[in-house]
C-alpha cells in the first residue's frame, strides 16, 4: 500500500491491486455534520413545542367575540365528561368570575367535592340529580339532599357546601353552563359522604388549570 497524495482533510491511499482508498478525518466530519444537523432539528422542535404550548396559555391575539363551537373540549381523564373553559382566570385573566361549559354523558358525574366559592349552574339540556349536603359545618357531609335538575333549571351552590352533579338519565347528555366566583377554583374531594372534612383531598390547580397555572392563591380551609 502506498500513500499517493494528500488533499485538505483526508489522505488517499493506493493499494498494490490499484484500488484507491480515502482515509483521514473526512468520515469523522461527515458524522459530526449529521449529529449537528440532528441536534438543530431537535432544538427547533423543542422551541416550536414550547412556543405552541405557551400560546395556548396566552390571551394575546384572541378576538373579543368568539365562537364557542370552536373551543377545545377535554375530558381530563374522566370518561363521559366534556369540559371547556369559556372565560377563565388562568386561561383568560378573569379576576372575579369564571365560566365553563360542561357536558356529562349518561352515568357521568362530578366527584363529591366542595370549594370556597359560589357556583351557579344553568342546565341547557338533559336530566340529572344534584346531591347537596344539608350542612358543611359538621365533621363530615352526611347524607345529601337530592334535587332533580332539567332543561332551563338553575341552581347555586353555597360556599363550601359539599355537592355532586350526576347525569342520572339513561339516554341523553346533561349539559350545563357553570359560573364560579373567586377563580381559580380549589377543589376538596371526598371518597364518600361520610368522609371527614379534614380528610378531603385538595386538588389545586384543578385539572383544566394545571397546564397554564403559574401563581398561588389564598387558603381555603374550613
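Residue numbers in this text run from 1 along the chain shown.
Glycine too: its Cβ is placed from the backbone N, Cα and C atoms.
All annotation found in TrEMBL is predicted automatically rather than curated by experts.
As recorded in TrEMBL, the features of this protein are as follows:
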DISULFID  57-212  disulfide bond
BINDING   113, 115, 119, 163  Zn(2+) binding site
CARBOHYD  152  N-linked glycosylation site
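Projection of TrEMBL feature records onto the structure.
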residue	record	Cβ contacts under 8 Å, 6 or more apart
57	disulfide bond	90, 91, 211, 212
113	Zn(2+) binding site	162, 163, 164, 187, 188, 189, 190, 200
119	Zn(2+) binding site	156, 157, 178, 179, 180, 181
152	N-linked glycosylation site	123
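Apart from 113, 115, 119, 163, the Zn(2+) site neighbourhood in this chain, defined by C-beta within 8 angstroms of the site C-beta centre, holds 110, 114, 117, 157, 161, 162, 187.
Reduced to three states, the DSSP call for residue 212 (disulfide bond) is coil. Here the Cβ of residue 115 (Zn(2+) binding site) has 24 other Cβ atoms within 10 Å, regardless of which shown protein chain they belong to.
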